[in-house]
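For reference, TrEMBL has these:
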BINDING   Thr97, Ser98, Phe125, Pro126, Thr127, Asp128, Thr165, Asp194, His197, Tyr219, Trp249, Thr275  pyridoxal 5'-phosphate binding site
MOD_RES   Lys220  N6-(pyridoxal phosphate)lysine
Amino acid sequence: MMIREDCAALDAADKLAGCRARFALPAGTIYLDGNSLGAMPANVPARMKVAIEQEWAEGLIRSWNDADWYPAPQRTGDRIARLIGAGQGEVIVADSTSVNLFKVLVAATRMRPGRGVILAERTNFPTDVYIAESVAEMTGCELRCVDPEEVMSAIDENVAIVSLTHVNYKTGKRYDMEAMTRRAHEAGALVVWDLCHTAGAMPVYLNRCEVDFAVGCGYKYLNGGPGAPAFVFVASRHLEHVRQPLSGWHGHAQPFAFTHEYAPHAGIDRMLTGTAPQLGLISLESALEAFDGVDMEALREKSVSLGDLFITLAEQELAGLGFTLATPRDADQRGSQVSLRHAEGYAIMQALIARNIIGDFRAPDILRFGFAALYVRHVDIWDTIAALKDIVTSEAWNTEAFRTRKSVT
Ligand SMILES: *Cc1c(COP(=O)(O)O)cnc(C)c1O
């Protein structure tokens, strides 16, 4: 039997424990939703104050040059590159994940003329499927959505692109990026990986796995702030061949030449479209300092430790209360979240949030708990499981207020 003191001992031995002070976390709150909106790094407000009061208010248009606003998408992309195993000049920050996915899917399809299939997965985050549907319609391809276990065997010589999300948003199940990419390449297809639930949560080795394209989110484990811009990765070997469809002026070889003919930039800048959302970008750039000096393998080790602890304690404390585990038990098949199913999941999560323990809910019955290893502690896991146990045994969830669905779950 584990007790709370065992969890405190794990925290005392945690080499990353000091990183928690890099975040401004509300007192008395346990935050297990960094997979939806990352916590705010403590250095961000001061940076934003300068950005707003000096660079914007005082510097005005001059700040594109004087405050180095203009190269921020490249600079921030290079910072993210270290976290995802990419090289300098292969990652750029732009737009949202949905928009970047659209750009890379069209670009990749254009690189595989004569192949008619975009292979995707049924249980993916809906926006990924919606975008792929639209790309299929525009490019004359067929979108083939299969179950996660069937993806590998569905890759054949008609497939132009295999488009997958590395870690599933609901179940937390993770694909073997290297094996899947290799299989796709053997069949002559290109791969697009969505790293929304991966980037900042664990190390990724895009170049070691020979990945072609990737996209990901700035506001989840990268902690960039609500609606922070996303990123896009293009392997350097593909850069000169990439023609993305949203050919705006910021992707031009010489945006300020204002020529009538579009000529793509030679490098990763060609993935840009229009002007960056500069304040959101500055917020993301400064938030990334929370990763300074952090060994991503050590981060992963702690994330696994938190996930294993959650599963162990759920089995020890919640047996017979109607919960089932929706996430693989094997850490090698998991991302950085653990999900539980429960028929009353929505109301239970609302009751938990009322106690300042914040996870989230995904229909129909999934309670999600994300473990951002930079700031989540082992005792937080203990306290969360203890609260879940109390909420279910006392039926504290069973009120009108907790059962009523809000618009954002
Ligand atoms: C969070 C998430 C998105 C979000 O896309 P936006 O365009 O930023 O709203 C897309 N795909 C996956 C898999 C996600 O988890």
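Just so it is clear, glycine is given a Cβ too, placed from its N, Cα and C backbone atoms.
As the structure is a computational prediction, the values presented were derived from the model and not from experiment.
Comment: pyridoxal 5'-phosphate site residues Thr97, Ser98, Phe125, Pro126, Thr127, Asp128, Thr165, Asp194, His197, Tyr219, Trp249, Thr275; largest CA to CA distance 30 Å, whole number. Sequence-distant neighbours of Thr127 (pyridoxal 5'-phosphate binding site) (same chain, 6+ residues apart, CB-CB distance under 8 A): Thr97, Ser98, Leu101.
Across the structure, Thr165 (pyridoxal 5'-phosphate binding site) and the residue listed as 'N6-(pyridoxal phosphate)lysine' are spaced 14 Å apart at their Cα atoms. Residues from the binding-site residues list (Thr97, Phe125, Thr127, Thr165, Trp249) with a C-beta closer than 6 Å to any atom of ligand 1: Thr97, Phe125, Thr127, Thr165.
Across the structure, His197 (pyridoxal 5'-phosphate binding site) and the residue listed as 'N6-(pyridoxal phosphate)lysine' place their CA atoms 7 angstrom apart. Annotation for the residue listed as 'N6-(pyridoxal phosphate)lysine': spatial neighbours Gly34, Asn35, Ser36, Leu37, Gly38, Cys196, His197, Ala199, Gly200, Ala201, criterion Cβ-Cβ under 8 Å with sequence separation of six or more.
Under DSSP, Thr165 (pyridoxal 5'-phosphate binding site) is assigned to a strand (E or B) in the three-state scheme.
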